[in-house]
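Asks: This is the structure I have questions about; it appears just below.
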Amino acid sequence: MALPHTQQETKVVPDAWDYKGRPALRSTSGGWAGATMILGVEAVERLVTLGIAVNLVVYLTKTMHLGNASAANIVTNFMGTSYILTLLGGYVADTFLGRYLTVGIGATVQAIGVTILTISTIIPSLQPPKCDLGSPSCIPANGKQLAVLFTALYMTALGTGFLKSSVSGFGTDQFDESDPKEKGRMIKFFSWFFFLINVGALTAVTILVYIQDKVGRKFGYGICACTILVGLVFFLSGTKRYRFKKLVGSPLAQFASVFIAAWRKRHMKLPSDSTVLFNIDDIIGDENVKDKQKLPHSKEFRFLDKAAIKDSSSEFSGTAILYNWNLATLTDVEEVKLVIRMLPTWGTSIMFWTVYAQMTTFSVSQATTMDRHIGKSFEIPPASLTAFFVASIMVVIIFYDRVIVPLCAQYLNSPHGFTPLTRIAIGLVTSVFAMTAAALTEIKRLNVAQSHGLTNNPNAVIPMSVFWLVPQFLLVGGGEAFTYIGQLDFFLRECPKGMKTMSTGLFISTISLGFFFSSILVSIVDKVTAKSKPWLADNLNQGKLSNFYWLLAILSVLNVILFFYCAKRYVYKEKRLAEVGIQMEDSGPVCH
């Protein structure tokens, strides 16, 4: 007996399809059954990426015999590329492949890259001969060996970028935001998502790093390769349970349309009355465009308003707006303005991630020179200090959620805690203290090395506990908990509805540019100081790494001042809309 029409409709999830292209049924698709598979592949991605990155500088200096500055730049360029490629992955997913295929291809490419990296540690000819660091017989890796290494690293980066761009978005696709129960489950999905990211990270910086240093790189990287393959199989096994969404296209087309239309009409005069400009009410035959939230006109960046001037060459159908580049709605123009207003916050957030990059490069290099023993026999790997970094993130998040948010709700009438810009500000200020602590610790380390006559011995273990480095890891970790979530909240909250992929791409690009800026700084400092007293010497005991940390601290202070200036002038979208009597639409918590 057929179900009544209304009952059938309640079973079908709006705008979602199953793997055969049929309307997705709530009872047989999505939900936790599909989301669990997606959570698994993300946990594996985090384990593999950090399992390679946090200990890579040790491999490059000890095994490949590269200098500290070169090794640091290879690590930061690898991480920066991994993050910047999420922009490409997001574009491909939204425009061509969809999130499911993008995640699957990303995991496959990452598995290939890690497999090549594993093979390079097994074949002796792909590594330089073993030697004591600093000895004349030490030969750095040659072109062929580096070519194989870079192929492995950048294939891994490509796979990571594609996977990371779509995995959380595909996870949210498994829940129907129009259903209150499923929307509640989506919020829990994000909690589990962040929790498993940190579980993967903690496993990488403890167990995997220990295996790499004490058992062998081939085993450590081999476990990474096997793990991502298991994660890929786990992800593909859920295909029949997934919900799929139609391709939405890239918002870059909207940006291009607004700027090109404004440029073409640059000689035209803007009308004094903005109501005569073309807007979504004038559109014929495109319900998707009409569904946009109408935004009030603003007086900033008035040049872009020319894109909405009506003229005889402009057609008013939805298709014409999308493809003729002569006309854009005033709402499209205002959405572009919203993104432009976020750019100062975007630019002043980059510096934090430059500080963050030091935790996987020079801080690890410092640890290799210090006493890492716990008791008489157990010695922790230098990269395992990152465990304090990960633990700090988790502790701060719990403290914020359980203590700070209730206090804000009670005394500041802010039920969600600090504003996004306040969170980012706390993270940026914390990074200043982190670099100050790092510089002071390095000064002490050099003094101990000098007092024991170990300055000229790059292989000596300085009689100073490695746990002196813990404060800088804790401070950067705590700062990340505020900065990362603050940025994510800011970009998702302030971006136009329908541009969340681009908005989160902007957020992730700050991490990438932070790593690249670190590479640029290291290259400049190394080149400028190499002729006299090198700050970033291959033998850290002969260098002045503390000066580099002081430089980062000073740059961070200047960046904080600039951030406060920009933040003070920023007006949140919700306030802008409220001033003209418009209530902001809830577009749901989406994360990429």
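Note that Cβ sites are derived from N, Cα and C of the backbone, with glycine treated the same way.
TrEMBL feature annotations, pasted as is:
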TRANSMEM  72-93  transmembrane segment
TRANSMEM  105-126  transmembrane segment
TRANSMEM  146-163  transmembrane segment
TRANSMEM  189-211  transmembrane segment
TRANSMEM  218-238  transmembrane segment
TRANSMEM  350-368  transmembrane segment
TRANSMEM  380-400  transmembrane segment
TRANSMEM  421-440  transmembrane segment
TRANSMEM  460-485  transmembrane segment
TRANSMEM  506-525  transmembrane segment
TRANSMEM  548-567  transmembrane segment
Asks: Can you tell me which parts of the same chain pack against the transmembrane segment (105-126), counting only residues 6+ beyond its ends and a CB-CB cutoff under 8 A?
Replies: 41, 45, 48, 52, 89, 97, 144-145, 148-149, 151-166, 216-218, 221-222, 224-225, 228-229, 231-232, 235
Asks: Hey, does the transmembrane segment (548-567) touch the transmembrane segment (189-211), meaning at least 3 C-beta pairs closer than 8 angstroms, sequence gap 6 or more?
Replies: no
Asks: With CB pairs under 8 Å as the measure, which of the listed stretches 72-93, 146-163, 350-368, 421-440, 460-485 comes out on top against the transmembrane segment (380-400)?
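Replies: When the Cβ pairs under 8 Å are tallied, 460-485 comes out ahead.
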Asks: Which of 72-93, 218-238, 350-368, 421-440, 506-525 shares the most C-beta pairs under 8 angstroms with the transmembrane segment (548-567)?
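Replies: It is 421-440, which has the most Cβ pairs under 8 Å.
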Asks: Sequence gap of 6 or more, Cβ distance under 8 Å, 3 or more pairs: do the transmembrane segment (350-368) and the transmembrane segment (146-163) meet that?
Replies: no
Asks: Look at every Cβ pair spanning the transmembrane segment (421-440) and the transmembrane segment (460-485), keep those 6 or more apart in sequence, and say whether at least 3 of them are under 8 Å.
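Replies: Between the transmembrane segment (460-485) and the transmembrane segment (421-440), which are separate recorded stretches, there is contact, as judged by 3 or more close Cβ pairs.
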Asks: Might you confirm whether the transmembrane segment (506-525) is in contact with the transmembrane segment (72-93), defined here as three or more C-beta pairs under 8 A between residues 6 or more apart in sequence?
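Replies: Answer yes: the transmembrane segment (72-93) meets the transmembrane segment (506-525) with 3 or more Cβ pairs below 8 Å.
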Asks: The transmembrane segment (506-525): which same-chain residues, six or more beyond its ends, come within Cβ distance under 8 Å?
Replies: 69, 72-73, 76-77, 79-84, 86-87, 164, 339, 342, 346, 349-358, 361, 487-488, 490-491, 535-536, 548, 551-552, 592
Asks: Determine which residues of the chain contact the transmembrane segment (218-238) at the Cβ level, with the cut-off under 8 Å and only residues 6 or more beyond its ends counted.
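Replies: Sequence-distant neighbours of the transmembrane segment (218-238): 33-34, 36-38, 40-41, 43-45, 47-48, 51-52, 55, 103-104, 107-108, 110-111, 114-115, 117-118, 121-122, 208-209, 211-212.
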